[in-house]
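Listed in Swiss-Prot:
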- 1-23: signal peptide (SIGNAL)
- 24-161: topological domain 'Extracellular' (TOPO_DOM)
- 93-102: compositional bias 'Basic residues' (COMPBIAS)
- 104-144: domain 'EGF-like' (DOMAIN)
- CYS108-CYS121: disulfide bond (DISULFID)
- CYS116-CYS132: disulfide bond (DISULFID)
- CYS134-CYS143: disulfide bond (DISULFID)
Amino acid sequence: MKLLPSVVLKLFLAAVFSALVTGESLERLRRGLADGTSNLVSPTESTDQLLPPGGGRGREVLDLEEADLDLLRADFSSKPQALATPSKEERGKRKKKGKGLGKKRDPCLRKYKDFCIHGECKYVKELRAPSCICHPGYHGERCHGLSLPVKNRLYTYDHTTILAVVAVVLSSVCLLVIVGLLMFRYHRRGGYDVENEEKVKLGVTASH
């Protein structure tokens, strides 16, 4: 508790000292600025001192030269802007044109959507006209014609002759099999009849 008054006094003294220092520095700055403004001389006054008495024409010449210089500076500063602005506009137009060309859609998707009946549409830029890629079995400008398969006569003739030969061979084989079975049966019957006749003869002789 005893330290608090001493700390407060120290802070108060430090604040007073800083206020005094800042006030002195501000006064010094003000004095320096006042001295500088009093020593400065305007350029018109210096030129007036250099010019002889009665030199009004010289002043007019200097004023005209300064005005010409100002005009030249203004023209020089404005010309690059005039040259630069058209180039930017032209670049923007070119970019827009390029974007427009890239966004062009295929005419086959809209205008010639139903041009090809049995095929796919393809737009030829060189001819500026659509063309069709026909599906297999169709032909024509719009793939509207159906192409029928053409049979070869020689091929059909060979096919029929082969079928006829096969039929004849199969029929002949069947006939041979049937004849063989009949002959086998006939021979078997003949042997059976001979045996029966012999048995009959033996029975007759035995009865006697």
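Glycine is treated like the rest: Cβ placed from N, Cα and C.
For the domain 'EGF-like' (104-144), the model's pLDDT averages out at 89. Using a 10 Å Cβ-Cβ cutoff, CYS121 (disulfide bond) registers 20 neighbours.
Counting Cβ atoms from all protein chains shown, CYS134 (disulfide bond) has 19 others lying within 10 Å of its own Cβ.
Long-range Cβ neighbours of CYS108 (disulfide bond) (same chain, at least 6 residues apart, Cβ-Cβ under 8 Å): PHE115, CYS121, LYS122, TYR123, PRO130.
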